[in-house]
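A short write-up of the structure that comes next.
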């Protein structure tokens, strides 16, 4: 189709309509480029690998700068993810680069759950983006996208095979992120061992079903180079920020007693291949794959968990509005059911409480009757005792009165006899001599 042609949808097909002159929509690519350049780009790299494999050094070498960061130790109690964001600019293109490092990965005795913090971190970035998408007022053009676009998995240069930790971790990550395996510190093993090691790694990845990122070959402009580079995976890399004079040029290299290893010499390592594939050729594809494949998978699973689906049980198309109405009706039904259950529960509890109160009231009445009867019995006993005491008091008073009366009568009789005797003595003097 010519550049000045236009395709218009008509029914199920379309027809090509020639233009009589220049319209101007051929500038759309330029408009898109200008808009993208003005907004800037973001790229997020996750570096996974054991401590001491040169992850930070390789990042410095890849972007030809010195990133500030604290060196990790082997004494971490668990795996921690450390994220640092940098603003870079090359020509008029701005890049917001985020580098996430797995501090303490592989340093623990028990490495069984070492992959979990990494998976949780990746999911957390997906969740943050999903929540931003679900907002009523979205501002995705200003939102800092923190989703991981590529995972550089650093493999220790043992020269034998992949560790179980590496296989398990990559298997857990392959459905969530684009994985590019790389052999770190490739100058630690010989060239023949390195070739065998690459073959062994590829074989183990295939046999264990680990899906690593394949450079796309559907674009004719990069199909050939990407197809060639896919055959070189995993890349064997060396990192160095030190510049040495080799011949008449200053080159990044490592100096050893036996010679010099040049970082950007493809005969020495695959650093240049990695940089070309990661940054110059496939950076945008990595960003696109993250959004269209990994994020969409996470989003679909999350929406399905929430009850949203594209089809009904009969595999018929199901619109979002229908899904919403179905979920709303389902929710209202559940709400009514819960309300009815709560009402029944409330009524049951009221009945139980009423029964308890009636039983308590009955017990109180019985207790009151017992106490009342006991009170009456005690009152009767006290009244009987009081009556008895009153009778005793009255009898005592009567006896006292009689005794006083007898005493007074005795006193009067004794006085009369004394007067009579005195009178007789007076009349009869002989009685005095007696």
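Using the three backbone atoms N, Cα and C, a Cβ is placed for every residue, glycine included.
Remember, predicted model here, so these are calculated numbers, not experimental data.
Some features that Swiss-Prot has for this protein:
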type: MOD_RES; residues: 2; note: N-acetylalanine
type: MOD_RES; residues: 27; note: phosphoserine
type: DOMAIN; residues: 39-305; note: domain 'Septin-type G'
type: REGION; residues: 49-56; note: region 'G1 motif'
type: BINDING; residues: 49-56, 104, 185-193, 239, 254; note: GTP binding site
type: REGION; residues: 101-104; note: region 'G3 motif'
type: MOD_RES; residues: 367; note: N6-acetyllysine
type: REGION; residues: 405-434; note: region 'Disordered'
type: COMPBIAS; residues: 407-417; note: compositional bias 'Low complexity'
type: MOD_RES; residues: 416; note: phosphoserine
type: MOD_RES; residues: 418; note: phosphothreonine
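DSSP states for the region 'G3 motif' (101-104), grouped as helix (H, G, I), strand (E, B) and coil, give 0 helix, 3 strand, 1 coil.
Ranking the recorded positions 239, 367 by the number of CB atoms within 10 A of their own CB puts 239 at the top. With all protein chains in the displayed structure included, the most crowded Cβ environment within 10 Å among the binding-site residues 55, 185, 191 is that of 55. Candidate binding-site residues: 49, 52, 55, 188, 239. Nearest to the residue listed as 'N6-acetyllysine' by Cα distance: 49. Across the structure, residue 185 (GTP binding site) and residue 27 (phosphoserine) place their CA atoms 47 angstrom apart. In this view, residue 188 (GTP binding site) is surrounded by 14 other Cβ atoms within 10 Å of its Cβ, with every protein chain counted. The average pLDDT computed over the region 'G1 motif' (49-56) stands at 90. Most buried of the binding-site residues 49, 52, judged by other Cβ atoms within 10 Å, is 49. Annotation note: residue 185 (GTP binding site) sits in a coil segment as assigned by DSSP.
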